[in-house]
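Heads up, the thing below is written out as structure tokens.
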């Protein structure tokens, strides 16, 4: 019997609704960790002020990003690199904790062993190093694909979408999980492509919303936006987990 997308969406929404409080708490907790870590690792306000030294908006409006970086001093480039690295690392840690905690929570609930959010994160600890490498590699490849030409990035996002579920469910390494995910993804494109595309569009919408709050320095606003982004990712992970369980049974 073929797997129906409508069944997957219904199962996803049922689980999301039944475990909403725990999922919301996990999304906000990982968002808070990500924001605090990014703030702790980022350059201080005085260092960030050096990025605007000697630059004028009128002069840089026509420049590409590469030209803008080339116009910076060595100190400004160092500050920019540190800020970018801090944001990337903080986001990566948040995504790893979210994926590990949520996938562990789903597995425990499916086995009729409900756990708290902190307990789920604790149980996922042995999986976190593997997920860290996996999510780093997949994020890097997808981002490169989106930067070069959008289509390859989307295809890579679809190809590697099942990898976190495979890594945690089958106890496989990052490369093997990515390889197995690719073969399954393109064999089940009709079930994966719409979900991944919706996830990409929803994350882009949250990013656009975040740009409207660039003048708002409130930690609460930043955490809430990150939490919303995490909820979107949580929906996709629930969908992917259910799909993979059905594929294993087929």
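If you go along the chain as it appears here, the first residue is 1 and each next one adds 1.
Every residue, even glycine, has its Cβ placed from backbone N, Cα and C.
Positions annotated as transmembrane segment by Swiss-Prot: 20-40 (among others).
According to Swiss-Prot, the feature transmembrane segment maps to 86-106 (among others).
As annotated by Swiss-Prot, transmembrane segment applies to 121-141 (among others), with the evidence given as sequence analysis.
The transmembrane segment annotation in Swiss-Prot covers 146-166 (among others).
When Cβ-Cβ distances below 8 Å are used as the criterion, the transmembrane segment (191-211) is approached by residues 3, 5, 8, 154, 157-158, 161-162, 185, 225, 228-229, 232-233, 235-236, 239-240, 243 of the same chain, each at least six residues removed from its ends. For 191-211 (among others), the entry in Swiss-Prot reads transmembrane segment, with the evidence type sequence analysis.
Note on the transmembrane segment (219-239): residues 8-9, 12, 15-16, 23-24, 26-28, 30-32, 34-35, 39, 94-95, 98-99, 102-103, 106, 161, 164-165, 195-196, 199, 202-203, 206, 209-210, 213 of its chain, located 6 or more positions outside it, place their CB under 8 angstroms from a CB of the stretch. Annotated transmembrane segment per Swiss-Prot: 219-239 (among others), in sequence order, evidence recorded as sequence analysis.
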(request) May I ask for the residues of the chain that lie six or more residues beyond the transmembrane segment (121-141) and have a Cβ under 8 Å from a Cβ within it? (result) 26, 92-93, 95-97, 99-101, 103-104, 108, 115, 156, 160, 163-164, 167-168, 173-174, 177-178
